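**Q** Below is the structure I would like to discuss, written out as structure tokens.
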Amino acid sequence: MRLTAKQVIWLKVCLHLAGFLPFVWLAWAINHGGLSADPVKDIQHFTGRTALKFLLATLLITPLARYAKQPLLIRTRRLLGLWCFAWATLHLTSYALLELGVNNLALFGQELITRPYLTLGIVSWLILLALAFTSTQAMQRNLGKHWQQLHNFVYLVAILAPIHYLWSVKIISPQPILYAGLALLLLALRYKKFRTWLK
């Protein structure tokens, strides 16, 4: 049975809750001692992982809609992408304000040079910024065929963001490897599209 437009609306409501509730949990954890002895790192990793989860969810929508024969699922893709950008922005902000501090923001450029994984992160965020800014139907009409060309850069983010995560952790752990593996799997599902580009 295919989803109806009304069911998709309720699904969007649920997805908005899924995007907002992690923020509620994080705020509670900060105020009630739910973080470790290094709360700044906890906040950075939590916001970054949440952004990655929404990135993977965004990439999942197209193959899921195709294989499950649920075309209306595509209507949730923009919503998930915007939540990905929102959490990526919180991730960047937590690094800039909590790690560097307001008085040391001038060091950000130097950090990008000395820590290449930060470069991957900021490139990913800039791409997400462009995609979020052009995600409306009006921008899609204005950009025409260039809109899809621009939004294909989400696949580059799907490569850079997991590498950024893997590179940023001090020790090898299963979680960043899992995210990288899921990203590769979701990209592999699009092999026909990539093969067409190479022709």
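Quick reminder: no glycine exception, Cβ is built from N, Cα and C everywhere.
Annotations for this protein, taken from Swiss-Prot, read as follows:
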TRANSMEM  8-28  transmembrane segment
TRANSMEM  82-102  transmembrane segment
TRANSMEM  116-136  transmembrane segment
TRANSMEM  153-173  transmembrane segment
**Q** Can you work out which residues elsewhere in the same chain, 6+ from the ends of the transmembrane segment (153-173), have a Cβ less than 8 Å from its Cβ atoms?
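**A** Same-chain contacts beyond the ends: 48-49, 51-52, 55-56, 58-59, 81, 116-118, 120-121, 123-124, 127-128, 130-131, 179-180, 183, 186-187, 190.
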**Q** Checking distant contacts: for the transmembrane segment (8-28), what same-chain residues at least six beyond its ends satisfy Cβ-Cβ under 8 A?
**A** 34, 43, 46-47, 50, 54, 72-73, 75-76, 79-80, 83, 86-87, 90
